[in-house]
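Okay, so here's the structure we're looking at.
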Amino acid sequence: MSSIKIECVLRENCHCGESPVWEEASNSLLFVDIPAKKVCRWDSLSKQVQRVTVDAPVSSVALRQSGGYVATVGTKFCALNWEDQSAVVLATVDKEKKNNRFNDGKVDPAGRYFAGTMAEETAPAVLERRQGSLYSLFPDHHVEKYFDQVDISNGLDWSMDHKIFYYIDSLSYSVDAFDYDLQTGKISNRRSVYKLEKEEQIPDGMCIDVEGKLWVACYNGGRVIRLDPETGKRLQTVKLPVDKTTSCCFGGKDYSEMYVTCARDGLDSKGLLQQPEAGGIFKITGLGVKGIPPYPYTG
């Protein structure tokens, strides 16, 4: 196995960086800074960052097959036009819950945009519980709701054979699996495939590799962990020089690099001194496994 290298490739000082997505066409990493209401695009060749500011906390971003991007902004699914920096609302959820916002989101293999909600936090991971739900935006722009009673809707991905949906509700301290129907988008038969250990802290964003193993960013745990969802065993731990690791994705050449987002919010002045790269973007190389390209939203 090659030696693992971790480097901070962008000192962005994100309040809460999230939702890293690799855009192969531009050799860029997309990500968001939720409370700053910014969608960012880092060009891995020029090292330049472009930013678009929206009108509410933006919690996830995804590629769109017809061009541009889609994002979850407040409680809205939006289409994002990068050139003129405009956001067009495609659908709105949780209209009766004024204190809610979207959190993590990702597009499924059929081109639906899955995303879940949560109550606004009063401090990191401190919030009114069971206020969230999981939704998906179909290509025809109608929305389906899967379930409610969610604390912090978070990481999500699909198995390589497209038969299992993996999902994290952070405060359950569990990675869950559902049977998944690619044709209809329906999910069923929820079960836990991994329970986090105490030092791993809070499960946050997640991605899958070509071997069908899950990578989970552990908020307050300063690490990403690799899990085997079939055996429930942890296979690997990669520790980072920041505590508040939030999400991860594969990207770069052949999707052999991992990009990890993290947060500064919640660190006191001492913590910020000890973790000067908090809020930055990290690249991990030498993992010896590749990821898969992100699916684009087809609506």
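Quick reminder: no glycine exception, Cβ is built from N, Cα and C everywhere.
Asn154 (divalent metal cation binding site) falls within a strand segment according to DSSP. Counting every protein chain shown, the Cβ of Asn154 (divalent metal cation binding site) has 30 other Cβ atoms within 10 Å. Annotated divalent metal cation binding site per Swiss-Prot: Glu18, Asn154, Asp204, in sequence order, evidence recorded as similarity to another entry.
Annotation source Swiss-Prot lists substrate binding site at Arg101, Asn103, Glu121. Counting Cβ atoms from all protein chains shown, Glu121 (substrate binding site) has 18 others lying within 10 Å of its own Cβ.
Annotation comment: Swiss-Prot describes Asp204 as active site, proton donor/acceptor, evidence class similarity to another entry. Sequence-distant contacts (6 or more apart, same chain, Cβ under 8 Å) of Asp204 (divalent metal cation binding site) comprise Asp104, Asn154, Gly155, Ile168, Ser170, Val216, Ala217, Cys218, Tyr219, Thr245, Thr246, Ser247.
Swiss-Prot lists Lys244 (among others) with the feature N6-succinyllysine. For Lys244 (N6-succinyllysine), the count of additional Cβ atoms within 10 Å of its Cβ stands at 29 [all protein chains shown]. Secondary structure at Lys244 (N6-succinyllysine), as computed by DSSP, is strand.
Lys253 (N6-succinyllysine) is surrounded by 11 other CB atoms, counting those within 10 A of its CB over all protein chains shown. What Swiss-Prot records for Lys253 (among others) is N6-succinyllysine, and it gives similarity to another entry as the kind of evidence.
One way to see the shell of the divalent metal cation site is to take the Cβ centroid of Glu18, Asn154, Asp204; the remaining same-chain residues with a Cβ within 8 Å of it are Ser19, Asn103, Asp104, Ile152, Gly155, Ile168, Ser170, Gly205, Ala217, Tyr219, Thr246, Ser247. Same-chain residues that are not part of Arg101, Asn103, Glu121 yet have a Cβ within 8 Å of the Cβ center of the substrate site turn out to be Ile34, Pro57, Ser59, Asn100, Phe102, Thr117, Met118, Ala119, Glu120, Leu127, Ile152. Calculated from their C-alpha atoms, the gap between Lys253 (N6-succinyllysine) and Glu18 (divalent metal cation binding site) amounts to 21 Å.
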